[in-house]
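Below is one structure, written out as structure tokens, with a few remarks after it.
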Amino acid sequence: MSSSSVLFDAPGPRAKRLYAAVGVGSIVVLLLVLWFVISKFNAKQQLTAAKWKPFLTGEIWTQYLLPGLAGTLIAAAISVVLAMGLGILLGVGRLSAHAWVRWPCSVIVEFFRAVPVLLMMLFMFAVYANYEVFPPERLALAAVVTALMLYNGAVVAELVRSGVYSLPKGQGEAAMAIGLTDGKTMRLVLLPQAITAMLPAIVGQLVVILKDTALGYIITYEELLRKAEQIGNFKSNLLPALIVVGAIFVIVNYLLSLAAQYVERLMRRRGRSAGGPLTADPTDQNTAVGALAGAGPSDTVDTN
Amino acid sequence: MDVISEFFSEYDGLQAFRTTIYLTLLSAVFALLIGTVVAVMRVSPVRVLQVIGTAYVNIVRNTPLTLVIVFCNLGLFLQLGVALANKDSNTFINDNNFRLAVLGLSVYHASFVAEAIRSGVNTVPLGQAEAARAIGLPFLKTLRYVVLPQAFRGAIAPLGNVLIALTKNSTVASVIGVTEASAVMKVMIENRPDVLFIVFGIFAIGFVILTLPVGVLFTSMSKRLAVKR
């Protein structure tokens, strides 16, 4: 983390002047870019009060933005719960002692990680429509949730696996020594610890899920982006509507990533103070959590 | 099995996947360029640049890609009149949509590239930068000759993840009318709902073929090129 701060020394008088000059220069460039964007907006009449005023009225919020946000949040919430269930199942399956359980689970996980979410969404939409699995008004939601569940279930399965691997070996050995079966070792000893350790990564994954619900736009699911388009058609202010919806996404996701960081700090603190008597090596606990937290961002990269 | 021959003849599925590959590669190059600049800004000693870099990453990373791509088309092109192709050419609409999609994909994935490179910078031991300063290299030269070459080698695995994500995310370009794989799959499913499982299977396998070797290649490269310490 702090290694970036040693890339340069504490500046002397000459360096200070140089940094100040570069700083001022980049502010000037930034202002020029902003001025260019604003004048472009202005030239196309995008900054008029008529285009931005609607967002100060209750109507736009109660009719469009809040229902859109609800659509986005509902799809994300259902998806994350189902993905957790599927992910734990697949993750445990991948760790199974039986090859005939392990292999199918591995194939399923790798397959759903490799296939684009949009492809699955389009496919599930067609399947549900053709075989009339869901009533027409629930079709889009069902397709969005299924696709997100399958993809994120595969991601969670990988998290479960790396969570279990990151536990000290003594945990599994101790469980076996007191005579627990493989299943009980997993269920009572390894899994609870793995799930606690991967919580920050799961909260981080929520950001990915929330963003991916916007793919529902393509299959006409009524989420924020679709609502932005409707506002645009209704008030002919598409550009402002897109910007406002983008800001809502950024704020919600930023809060979620703060929550993920908070959970991570919490776990790290708890890990240190609790650190069981025999696993007592606190650095070990930390790397366990740290490795997962490290897996978090890279998985977010991977998923998005 | 006639649906498979249809995939090759009637729908030109190979061309669709070629478009997917072009989209991915072009966006990857631009994303790498933008991402490197942003990463350098974030580790630079100038506070303003740090703030700009951090703001870029936080804003772009938290915006859905679908929104970015839709914004490129509906916002940039239709509302603001920013066109990226020659308006008089016959293929204007296709070219313009393709380039807008590349723009959106690059800008979006640049934030992930920046994070990957920054994590690579974090793998470079303190002594390296300290030694570079000790022999009198200024900040940019420290980066150019000492830190970044090692950082890139340390960042190969996460960069590979970004490339895989980019390959899959290029499907979102279909939302502004680029005829890549997912757009063709949609048409095929609409025309042949009787065999939709096979159609999905073909396209899904196509993506497995595209992404699996990339993963294997980058994993082996990250081990082979890792700086021995």
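Easy rule for this one: first residue shown is 1, then count along the chain.
Each Cβ is built from the backbone N, Cα and C atoms, and glycine gets one as well.
Here is what TrEMBL says about this protein:
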type	residues	note
DOMAIN	A:69-260	domain 'ABC transmembrane type-1'
REGION	A:273-304	region 'Disordered'
TRANSMEM	A:18-38	transmembrane segment
TRANSMEM	A:64-90	transmembrane segment
TRANSMEM	A:111-129	transmembrane segment
TRANSMEM	A:141-160	transmembrane segment
TRANSMEM	A:194-219	transmembrane segment
TRANSMEM	A:239-263	transmembrane segment
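Across the candidate stretches A:111-129, A:194-219, A:239-263, the maximum count of CB pairs under 8 A to the transmembrane segment (A:141-160) is reached by A:111-129.
Sequence-distant contacts of the transmembrane segment (A:111-129) (same chain, at least 6 residues past either end, Cβ-Cβ under 8 Å): 139-140, 142-144, 146-148, 150-151, 153-155, 158, 212, 215-216, 218-219.
Note on the transmembrane segment (A:194-219): residues 71-73, 75-76, 79-80, 83-84, 88, 117-118, 121-122, 125, 140-141, 143-144, 147-148, 151-152, 155-156, 159-160, 162-164, 166-167, 225-226, 229, 249, 252-253, 256-257, 259-261, 263-264, 267, 288-289, 292-293, 295-297, 299-300, 303-304 of its chain, located 6 or more positions outside it, place their CB under 8 angstroms from a CB of the stretch.
Tertiary neighbourhood of the transmembrane segment (A:18-38): same-chain residues 11, 47, selected by CB-CB distance under 8 Å and a gap of 6+ residues from either end.
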